[in-house]
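Peer 1: Before we start, here is the structure in question, set down as structure tokens.
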Amino acid sequence: MQLIELFKSAIQSLKANKKRSFLTIIGIMIGIAAVIAILGIGDGITKTMYDKFGNNAKQGQQTTEIAYDPDNINSAVYGFTQEQVDDINTQFGGEVKKVEIEQETDNLSTQADVGDTTTKVSLSLLKKPTHAIKLIAGKNFTKQDLATGQANALMSESMAKKQYGTAQNALGTTVTVNNVTYKVTGVYKTQAQFTADGDQNSYGVNLLLPKALYYQENSVKEGDTLKLTFSQGANASAISRKVAKYLKKNSPAATQGTYQYLDMEKALKQFSSQMSIITTFISFIAAISLFIAGIGVMNMMYISVSERTQEIGIRLAVGATPFNIMMQFLVEAVILTLTGGLLGFLGGAGLAHLLAPLLSNAIGGGSGIHIHAHVSLNAFLLAFGTSAAVGLIFGILPARQAANKNLIDILR
Amino acid sequence: MITLKNINKYYQQGNHRFHVLHDINIEIDQGELVAIIGESGSGKSTLINIIGFLDDDFEGTYFYQDQPIHDYTRKQFSTLRNRNVGFVFQNFKLLRESTVADNVALPLLYAGKRRKEISSRVSEVLKQVGLAGYENQLPKNMSGGQQQRVSIARAISTHPKFLIADEPTGALDTETSQEIMNLFKHLNKQEGTTIIMVTHDPHVAEQCERVIKIIDGRVVSDSKDGELHATD
């Protein structure tokens, strides 16, 4: 008998008993959906964490950061200067691929000429227009301004008032930072220096400048964050730790602050191993539900076999082999579970995508961590394979019973 | 074509062992129209099941076209049935939820035929039994006579060497019975199909060329021999 006929007749038989088939499918669907949703969210969390904090082991290289924390927050001492960069290059040249001072964008403090006076200002650099500030006079940056490096600046209301009396007066004046003169095109409402969480507020500064222009001369001379790049396969964490230790000992700035290497990779590994324990545990529970659903399939197939004894007899009489009969019932069982599995995969993927954002909120929407569910091809194959396997395992006994029925007993 | 020698058949029922068939010796040739008659419980259905390869559990030897059927496995029986025998049952044994065409196509499907061949063959045999155009009807909406015609169409769809009919008119009224008998006679005369039927209807039996009578599992008469004689 040809395979396609087998499928046709199986689908026909399943359709003849729609309600029962539907209920059985639901059993499998719930089990698979639960597994896929849990795996999707679990993978999503792990992946998000790695993307955010990991050594970015993509494009064949890894990066780590060493931060310098000055004891006095207002001090003008930088943790890293060209001197340190050269120093590290000579000391660790073989192990570190590239050393650079991070182009910091938030809460820089520097000297600036505002109008006629030279004063110490705080500033943040923007790569794209922000809506976190409220303009009182003039206009906000446009995307184009920032992309083309227009020498425009936004000034805080408090600075504008201090220097020019009113916000309106400040428009059109100039500020000069690092020998670049910017024209003030907008004044925004002053924000607090710290956020409610106690972090530094990047908009609680005197000036907002375009990043492209500020770092026009791309090599940064000094900063508080050092970015190390390693080739893939290097033990980035260990080397970074050594570099931090070296800096603590040898850098002149070490007396006025601390160098710190936060080994995110290590924390992440712990985190992901914990995640996988949780995922395994919940998957185990889901497997139990699949097992129960499988028993449901078996139950239904047994009922089906005994209900269709006459049909089996007729088929055997007209020349079906016992193998034909077994295949027919097995195919029915597998079609049931596969349908359930595929629906469950869709349901589970949908559920994961629905739940992940809620989870992000629960973790803390302000932290900027957005968890996206990650439903992989592996998850699909898992759903497909598991449901097919459930169909085969729980279908084989009823199918064999059907195949081994005694023809004479049926026809009598 | 069919040669049964010393066939014995027992049924196990609890601790009791019933001896259903006693030393049956029958030969049936190609093209015969045979009726097996007897009281109910005489073992005639059991005999016809053995002849039609439905029952492989018997003692004695059965040669079908010189093949030793008694040595065959269950799977070989399936193939043998599919290729050589058509079955007509008293209660039709049609798949009630499937269309007439699907019912008739069933043996062809198991024979591994292609869909195209199948549908043309189905139309052909339906026409032969006088049900042309009934392809998409459901058996449950048809009369008993029509259902029996469908089952005959199914039986002859694979060009079987012989037909086995177990009380083919048992569930039909006299008039319909005669129609079905006419159909059988036609198949036997025109197509040369060997037909072996079990019946307890004397009107049906007297239309057959050869009548084998069975009482209590023994052949007591065979009209082919031209005389009635007891085997024991």
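Going from the start of the chain as shown, residues are counted 1 onward.
Glycine too: its Cβ is placed from the backbone N, Cα and C atoms.
Pulled the feature table from TrEMBL, pasting it below:
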- A:21-245: domain 'MacB-like periplasmic core' (DOMAIN)
- A:21-42: transmembrane segment (TRANSMEM)
- A:275-298: transmembrane segment (TRANSMEM)
- A:284-406: domain 'ABC3 transporter permease C-terminal' (DOMAIN)
- A:333-355: transmembrane segment (TRANSMEM)
- A:375-397: transmembrane segment (TRANSMEM)
Peer 1: When DSSP states are grouped into helix, strand and coil, how many residues of the domain 'ABC3 transporter permease C-terminal' (A:284-406) land in each?
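Peer 2: Counting residues by DSSP class gives 106 helix, 0 strand, 17 coil.
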Peer 1: Can you tell me the mean pLDDT for the domain 'ABC3 transporter permease C-terminal' (A:284-406)?
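Peer 2: Taking every residue of the domain 'ABC3 transporter permease C-terminal' (A:284-406) together, the mean pLDDT is 88.
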Peer 1: Could you tell me what the rest of the chain brings near the transmembrane segment (A:275-298), counting residues at least six beyond its ends with Cβ under 8 Å?
Peer 2: 23-24, 27-28, 30-32, 34-35, 38-39, 42, 45-46, 333, 336-337, 340, 386, 390-391, 393-395, 397-398
